[in-house]
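Participant: Before I ask anything, here is the structure I am working with.
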Amino acid sequence: MNARQKPAPVITIDGPSGSGKGTIAFRIAQTLNWYLLDSGIIYRAIAWAMAHYKVPLEDSAGLARLLKRVQISIENRILGKKAKISCDGHDITLAIRSEECGALASRASALPIVREAVLQYQRDFRQRPGLVADGRDMGTVVFPDAVLKFYFDADSQQRAYRRYKELQDRGINVSLPDIQEDLEERDRRDITRSISPTKPAEDAVIIDTTHLSIEAVFATVMNHVRQRGLANVANEK
């Protein structure tokens, strides 16, 4: 990068599971033709590797070795295309979407050793024309200099129902009470962890999506994008 050139602009969307951040991040990146960082994919890929190589959460030394050698690849990072995720040559695009992988990813992501290992990898997604990043600590830790930050939240029952419907639509038979219990446990873990807890950045736009449609949330976010003049740089290279 030219020393005089400003870093690529970043829009961050943080929030708990089921708040709608992933759906809106996809739509915004697709609209602007920017890169996308779905940080949850990275943690799920690490969880898959832990299960595949039989490295338990309690094995700090083994986990450190795994994080140093494992090769995670995310292809098609420009929106409009579905990402293909591989780990050490294995296509894990579908495997990481299982509830088991998600549960392990949630627990692994609470470990400082894991979050520190993926920090630079996440920052490397920052490329022109721009990046939309969604996760739990995108605006607070990974990209504190983001030009526009959002924090989505919603009632836990509504978030659980959204997740339940998503899994049902994918043909996965689950119970709503189990989904809500798991979601609330993840919330507790994400909010109380010692490193990068889930919370809004001080300068974030906070949106409660409980009673809002996807289109309403998308329109609200795009209004802020236009107000910052970011839509005007959508086609910059």
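Residue numbering: from 1, along the chain as shown.
Note that Cβ sites are derived from N, Cα and C of the backbone, with glycine treated the same way.
Per Swiss-Prot, the feature ATP binding site maps to GLY15, PRO16, SER17, GLY18, SER19, GLY20, LYS21, GLY22, THR23; the stated evidence is sequence analysis.
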Participant: Can you list, in sequence order, the residues of the same chain other than GLY15, PRO16, SER17, GLY18, SER19, GLY20, LYS21, GLY22, THR23 whose CB lies within 8 Å of the CB centroid of the ATP site?
Facilitator: ASP134, PHE152, ALA154, ARG159, THR209
Participant: Work out the three-state DSSP category of THR23 (ATP binding site).
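Facilitator: Assignment for THR23 (ATP binding site) reads helix.
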Participant: Does THR23 (ATP binding site) have same-chain partners at least 6 apart in sequence with Cβ under 8 Å from its own Cβ, and which are they?
Facilitator: ILE214
Participant: Name, in the order they occur in the sequence, the residues of the same chain whose CB lies under 8 A from the CB of GLY15 (ATP binding site) and which sit 6 or more residues away.
Facilitator: LYS21, ARG136, PHE150, TYR151, PHE152, ASP153, THR198
Participant: Under 8 Å Cβ to Cβ from SER19 (ATP binding site), same chain, six or more residues apart: give me those in sequence order, or none if nothing qualifies.
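Facilitator: Correct list: PHE152, ASP153, ALA154, ARG159, THR209.
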Participant: Which Cβ among the binding-site residues (SER17, LYS21) has the fewest C-beta neighbours inside 10 Å?
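Facilitator: Fewest other Cβ atoms within 10 Å, among the binding-site residues SER17, LYS21, is found for SER17.
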